[in-house]
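Notes follow the structure.
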Amino acid sequence: MSRLPVMSFKRVLTSNTSENGQDFEPSQKKMRMKVEPVKPQAAATVIGGKRPPVAATRAPLSKSVKGAGAATVAAGPSRGTVTCIVFSSITLLYNIDITLSGAGARRNPWDLRGKVSDMEDKIQNYQVKFKSVNQENEVLKGSMALSQTRAAEMERELETQRSQISEYQKELQALLGVREKLEKVSSEFSSLESKYKAMEALRETQELELQTLKITVSAQESTVNRLQANLRVKEEEVTALQATVSQQRDELHAGEMERRRLHNAIQELKGNIRVFCRVRPLVAGGLSHHIQLSGSDDKSITLAKTEESHTGKTTDTQKNYNFSFDRVFGPQASQQEVFEEISLLVQSALDGYNVCCFAYGQTGSGKTYTMEGDEFDETRGVIPRAVQQIFKAADKLAAQGWEFTFTASFVEIYNETLRDLLHTGKSVKKPDLDIRKTTNNEVTITNLTYKKVSTEDQVLGLIALANQNRSTAQTAQNDRSSRSHSVFQLDIEGVNVGRDVKCKSTLCLVDLAGSERMVKSQSQGERFKEMTAINGSLSNLGIVITALANKESYIPYRNSKLTYLLQGCLGGNSKTLMFVNIAPEPDSFAESLNSLRFASKVNDCVIGTASANRK
């Protein structure tokens, strides 16, 4: 009788196993080994829920036990954890049954009612214990549900771990080693928690930095607002200043135009052809006695000549030849002092007026030194100084909107033949040059080399090249005598886009060959031919000047290449300056007198008013 509850529990376990679809065969084998002596009839009586007639009054209790056991096993989860919980409950009930069976064995064999009573007590105790086990099972189910809920939350939070967790869930259904895998997941979760804490700390740090940045941005925004307000004020000031600048530019342009008008009016009052006289110092220094310069007047010069008396008197008579020019420079005058007098005339070239400057005098009187000078700054001549002034003035006028382009050329007239001094090819292949007049009545030279220049150094380089190509020779009067007339020409074109004003002019700087006498120069052969051509061209220049002074209807410009080339400078639409250079030696008295007479004739010449080439 004591084995009846055990068989009843065995049948219940078998039934629950089939309901839940779980395979508990290892547990069943273990139970069978312990309860093998139990009879099937007693088990059938318990499983069916029916009792013998003697114990019929206690049938409801037996049904209650069956129902509870079935519900407990059927409601349990199918996972390995629930299987372990059920197996533990079965083991507990089995131990209780063994204990109760041992207690009932003390009754006498004939005391069936007592045994039944004991059995009922056992059953009641069994039901109480079973209820407590069911309650414990329910608690475990609740804990399992919470664990599943937590796992679901972990799945939502840890998206990257879903694949592993899914694999763990599948393995939980097939493997019994759930605890190890749960511990592994737990350790991973701990690492993720530590990472999460680290990320949380990082987030807090970043939030602090963000707050700091917000404060900084707020301060910067206030600074920007203040700067924008200042900017608006400055923009208004700039607008006002721009209006002022525009007005001042208009005034400056008007002032520049007025300056040009007054400047050129002054130059016209001084005469369109101006004559400067320069006396070369003696080689030994000082001044010759036959040349007299006034200390208070820088515009007069006197040549004094002592002649023998024709009346029989013992004293000789002195004859003076007085001349007056626009300016007379003595032997002590520097190159800078000479150029300052003509700098205003050079400025007129940028104002749109044609300007011509040439040096006249006998050979060895210092014409080339006056026009070209030496390489040193203090001794540079008119040509390099004029070029320097032109480019400096152009840079200043650029601030007023003027843009200038410059074109340079250098030609010499040798034996009434034109030569290109800037030609760099072979001399045998030099093209023939010829003077032509355009439809605008401008004088040009065909096949001449014209170089675009933009700096002073470029022009000086061209001048050095021209000096190398120029014809010079040694004579009795000059170790390096120029045997040709050289003409440097700088074409200037200016445009002011903002004012829609254009101007065009030419700066012509001429170094004439020196007049000479055969007796003094002792020229022979080729030198004699050169002397004849030089004196002829200078004579034709004098004839043209005389015709202009007498206002004749016909001016013989075509008599020589020199006068034909300088037609634009001598014909009226140009501001012209002539240097007459005087040699101080007593044996040059006659040549000096002729030069001063020629210069005086030029100074008295009126060729009309020059006009600016502006559009």
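Each Cβ is built from the backbone N, Cα and C atoms, and glycine gets one as well.
Note that the structure is predicted; figures quoted are calculated from it, not measured.
The ATP binding site feature in TrEMBL is assigned to G361, Q362, T363, G364, S365, G366, K367, T368. Summarising the annotation, TrEMBL assigns coiled coil to 116-251. Look at TrEMBL and you will find 272-605 tagged as domain 'Kinesin motor'.
Overlay of TrEMBL feature records on the structure.
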residue: G361; record: ATP binding site; Cβ neighbours (10 Å): 29
residue: Q362; record: ATP binding site; Cβ neighbours (10 Å): 24
residue: T363; record: ATP binding site; Cβ neighbours (10 Å): 25
residue: G364; record: ATP binding site; Cβ neighbours (10 Å): 24
residue: S365; record: ATP binding site; Cβ neighbours (10 Å): 29
residue: G366; record: ATP binding site; Cβ neighbours (10 Å): 20
residue: K367; record: ATP binding site; Cβ neighbours (10 Å): 26
residue: T368; record: ATP binding site; Cβ neighbours (10 Å): 24
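If you take every residue in the domain 'Kinesin motor' (272-605) and average the pLDDT, you get 83.
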